[in-house]
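Taken from Swiss-Prot as is:
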ACT_SITE  GLU119  active site, proton acceptor
DOMAIN    125-364  domain 'Radical SAM core'
DISULFID  CYS132-CYS369  disulfide bond
BINDING   CYS139, CYS143, CYS146  [4Fe-4S] cluster binding site
BINDING   GLY193, GLU194, SER225, SER247, LEU248, HIS249, ASN326  S-adenosyl-L-methionine binding site
ACT_SITE  CYS369  active site, S-methylcysteine intermediate
Amino acid sequence: MSEQLLTASTSIDAAPLSDNTVQTTAPATSKINLLDLNRQQMREFFAEMGEKPFRADQVMKWMYHYCYDDFEQMTDINKGLRAKLQRVAEIRAPEVAEEQRSVDGTIKWAIKVGDQQVETVYIPEADRATLCVSSQVGCALECKFCSTAQQGFNRNLRVSEIIGQVWRAAKIIGSLKSTGTRPITNVVMMGMGEPLLNLNNVVPAMDIMMDDFGFGLSKRRVTLSTSGVVPALDKLGDMIDVALAISLHAPTDDIRDEIVPINRKYNIETFLAAVRRYLDKSKANGGRVTVEYVMLDHINDSTEQAHQLAECLKDTPCKINLIPWNPFPGAPYGRSSNSRVDRFSKVLMEYGFTTIVRKTRGDDIDAACGQLAGEVIDRTKRTLKKKMAGEPIAIKTV
């Protein structure tokens, strides 16, 4: 597959795996939003109109290679087909409600999805530019150190609302090309929500990201991050091949049960076994998974816990990202000191693990890892205010 740069030239039970039901809002119009369709679906739609498959490919190229949303601008499409498309279809990406820019070049967009908002973050670096994309409005998993989790869960995003974040960002970044802004080269499903609880929408969206007539990204440049929804992870391996990152954050079940509550349903051993099964099928990961580990002061950052983590991961090929915790209002944690992070990292490297301390980006605009919140109407009725008033959070110190 050729790789094109992106430019404009609840509890777990509250958010099911979406095997049979996709939680969405109703479309704003009766027209088909072509951003909801991957290439196979697009060709089927065009066939229903009596058109040949290559016409669908042509339209996709205009949509994703050039970020056009007006059929009249698609000059190699005949006028009759353009008129037909105007009657029955549209290209409607979610709009930007607010944009914030960090001193380090990071850009955060609040994206309107119905009457709510999710957040999308553009992170430029010397050799790449990564877009962090949301998959749900809120999140049901209640990870205690994450701002999104404190908003509760409302619904899954549609395909058009997921790929639409990439489309909108690519269009904006393309317009900034003259300023030297780096085109998007990587997409990570690490924004608001648990992607594996929205497989029916996340998988087609990632398919479009990697399609030659879509955004044309390599499978190694599209990453899905999960906290450990094991049945859905097994299903993912049969549906698509992308890079995998896992939100581990603790070396033992007693700590992970507290800070990542889904661990009470799928413990570390069960989770890592599923990860190894995925790696056995995947070519996108180069044989190893990325382990994400947020550093919480005196919670999970002792040298003893570093040894425990090394033991925990000894049978799982991986590289480890140590993430400085990013604070949000009302959170009961502190960021690990540089000295504790350094000691933790050195222990892991002594065991032979590739270990990276992630540089915090966009924290001045609350765009850093764990800080995304958006605007969520909480269908699970779990808000930070209620938690702090009626459900004290148990914390172990080490």
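Each Cβ is built from the backbone N, Cα and C atoms, and glycine gets one as well.
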- line: Taking every pair from GLY193, GLU194, SER225, SER247, LEU248, HIS249, ASN326 (the record's S-adenosyl-L-methionine binders), the biggest C-alpha distance in Å rounds to 19
Secondary structure at CYS132 (disulfide bond), reduced by DSSP to three states: strand
Field: binding-site residues near CYS139 ([4Fe-4S] cluster binding site) (Cα-Cα within 10 Å), from GLY193, GLU194, HIS249, ASN326
entry: GLY193, GLU194
Local confidence of the domain 'Radical SAM core' (125-364) - pLDDT mean: 94
